[in-house]
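Q: I'd like to ask you about the structure that follows.
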Amino acid sequence: MTRYEVVFIAIPTLGNLVPQVEFANLLTKHDPRFSATILTVSMPQRPLMNTYVQARASSAANIKLLQLPIVDPPAPEQYQTLVGFLSLHMQNHKHHVKHALLNLMKTTESNSSNSVRLAAIFVDMFSTTLIDVAAELAVPCYLFFASPASCLGFTLDLPRFDLAESKSEFTVPCFKNLLPRSVFPNLVLDAKDGTFWLSYHARRYKETKGIVINTLQELETHALQSLHNDSQLQRVYPIGPILDLVGSAQWDPNPAQYKRIMEWLDQQPLSSVVLLCFGSMGSLEANQVEEIAIGLERAGVRFLWALRESPKAQLEYPRDYENHKDVLPDGFLERTNNIGLVCGWVPQAVVLAHKAVGGFVSHCGWNSILESLWHGVPVATWPLYSEQQMNAFQMVRDLGLAVEISVDYRVGADLVRAEEVENGLRSLMKGGDEIRRKVKEMSDTCRGALLENGSSYSNLVSLIQELTS
């Protein structure tokens, strides 16, 4: 029997690495002929990444995680944005990726008991410089896109936008409605190197043999049809939702806090708690924290608030506060003691699955949106960075699957007032029956897509047929 090896590599962010690892897990479980090697890239500024990798390596079957040697980071004068840094950082790993692939090819060739073939390498959205290595070694290369299909379409269309125009709205084929300039990513609006790198990667996407997207046909029907109409693209495979449903519960950096959170949730009524969580890279300034606190207190809803301190350095993740009283209004914790819990890092996937949780104030990272839809928990949108403003716009305006607190918020430039927070929370937790119904329907649809003969299941079968042909 011929066996197949697939290789994956992603930038060192949880939002990109985790879904890629889960896709490798899905692929190898679906077809036991496949095994996977994940090439991981370390960043000393992000120890949480190493915690995840070590935990996943010990629990993964048929998946091997291989740490690439550490390389010198790009010099500060070489980049202006995080995407610029990450793109160059991945480019600097070319030699080590080539060495790893050559070793894998030698191993597969020397396997006398079974025929083993290196079937493909999957790069992520900011690792396209590694397509050169795949081409040099004649290894089929695919793109694994961890963001929505709408974001992929926007990125591919980016070169045709004239941002010097004074237009406030743009026609973007992957969106049903005109897309406001105000929800464009900061990378595009800032006069830095972000647009260059996004356009560079978009051009290279078209060199891959196919694009695997963490979405499903029934969720992003319009965007996926738009991509299908692009004759320059190879086949697109929507195979989601790909989720780590255990999440950080299996590698939580603070097990005592995890226990405290879950015990508190166990004591709350059904669907009564709103989770406020802004992702692994999300944090807010002190004046915004104060407005949220006032809005929460006025709304009177039960809440679990993952409140984290802004990073001290550019490439670091936020960290837990030593004392939340340092940033919250005087007496807030005491006044809300009976209805709320303020904490640091939360095991988001497990919390969203808890029966007490009935709403989610989210930064609208795509993984978080998919988790909320899977568990049937309605979202109130509060985007912070990356493509999250566009995700929020799509969820609220195009799909009608979310309540709006903001769709175009930007840290440091905007302030959502306590009244807006209060109104958004009330709408999410005490109204929004139509959105709640639609989210529950989409939850059932997400689960059905992964079952035999479901849309994502069928696309995975088609991908496997191509990989093994």
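Including glycine, each Cβ sits where the backbone N, Cα and C put it.
Residues or ranges marked as UDP-alpha-D-glucose binding site by Swiss-Prot: SER280, 345-346, 363-371, 385-388.
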Q: Once the chains shown are all counted, how many other Cβ atoms turn up within 10 Å of the Cβ of CYS364 (UDP-alpha-D-glucose binding site)?
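A: Excluding its own Cβ, the number within 10 Å is 30.
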Q: Can you check which residues sit near LEU370 (UDP-alpha-D-glucose binding site), meaning Cβ under 8 Å from its Cβ, same chain, 6 or more apart in sequence, and list them in order?
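A: Non-local contacts for LEU370 (UDP-alpha-D-glucose binding site): ASN214, THR215, GLY240, PRO241, ILE242, LEU243, CYS446.
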Q: With an 8 Å cut-off on Cβ-Cβ distance and a minimum sequence separation of at least 6, pull the same-chain contacts of TYR385 (UDP-alpha-D-glucose binding site), or say none.
A: PRO185, ASN186, MET281, GLY282, HIS363, VAL411
Q: What does DSSP say about TRP366 (UDP-alpha-D-glucose binding site): helix, strand or coil?
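A: Helix, per DSSP.
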